[in-house]
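Some features that TrEMBL has for this protein:
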ACT_SITE  B:Ser45  active site
ACT_SITE  B:Lys93  active site
DOMAIN    B:16-104  domain 'Peptidase S26'
DOMAIN    B:109-153  domain 'Peptidase S26'
Amino acid sequence: MLRDVLGKTFRFLGYTVQYGCIAHCAFEYLGGIVVCSGPSMEPTIQNSDVVFSENLSRHFYCIRKGDIVIVKSPNDPKSNICKRVIGLEGDKVCTSNPSDFLKSHSYVPKGHVWLEGDNLRNSTDSRCYGPVPYGLIRGRICLKLWPLNDFGFLRASPNGHRFLDD
Amino acid sequence: MIMAQAQGLGKRYIKAFLKGFFVAVPVTVTFLDRVACVARVEGASMQPSLNPGGRQASDVVLLNHWSIRNYDVQRGDIVSLVSPRNPEQKIIKRVIALEGDIIKTIGYKKKYVKVPHGHIWVEGDHHGHSFDSNAFGPVSLGLLHARATHILWPPQRWQKLQPMLPPERKPLHREQE
């Protein structure tokens, strides 16, 4: 009787470990479903939208300008933020706000990216905390899953003027 | 009759192999990503604590991911992190200051730095031969990869790495005692 219970418990633990490891490999190397919260990416991504984030691009270092990425917050490693890549290393970015009279520019340092939310008026992003190291990027959002009337690939940035071409 | 039996055995072996493969690979990968792995240390930036012999005898260290899963590091720990300048590279340095500490820098653009929230200040033990926070500033805790806990190779250098903060690098003001 006890042997039966022990046997069942060990089998259950074994399956939990095995499926947990498969889940880790799937999230880490393929992708996962993410629920976004907050207003900083409106209108592209609204509060409580469900998106699919693929994690292959960051492992192969092919994140591009204009991609929407999930990044570990530079000031709080336990939370994630979702922003758009405005500049890659070496790119020129505008560090001043649209409302400023005098515009200031700088170049994104090596190994970093410049992130901005699509909702420029209500977003704390690189304009606030500076360029973000590439190593903090967790994944690239490629598909919106919910709400269904907005299913599909994500739109391009509504702020085309923030992308400066050299 | 023998052929059929051999084919049956072959199929069973393949099935058993695939079953084992789909268990062993995810478990091993998860272990190496989340629990611990080993790595060879290159370079002279942590001399004399690591690699005192230079290129002839590189130390191999045990990297413990599990102990930093909540980003709990102490001053003096030797940690590996993703390089802020090159995300394809990992660097191994000593934690000198935590968030809130004010420290005096060696060759950084500002003489005194208060480490921002969610960041740490790392330095190599071999000042002047180390690409560390004195070059790239405070690093975000999110870049933390693992804590180096033991030297595994060469055998004469087997030891547990103790957190040791050089007295001349103590912060000027600690946020929490």
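The backbone N, Cα and C atoms fix where each Cβ goes, glycine too.
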Check your understanding: What three-state secondary structure does DSSP assign to B:Lys93 (active site)?
Key -> strand
Practice item. Determine the most Cβ-crowded residue among the active-site residues B:Ser45, B:Lys93, using a 10 Å radius around each Cβ and all protein chains in the structure. Key: B:Lys93
**Study point:** Per-state residue totals over the domain 'Peptidase S26' (B:16-104) - DSSP helix, strand, coil
**Key:** 25 helix, 26 strand, 38 coil
Study note, to complete from the structure: Across the domain 'Peptidase S26' (B:109-153) the predicted model averages a pLDDT of 93
Check your understanding: How big is the Cα-to-Cα gap, in Å, between B:Ser45 (active site) and B:Lys93 (active site)?
Key -> 8
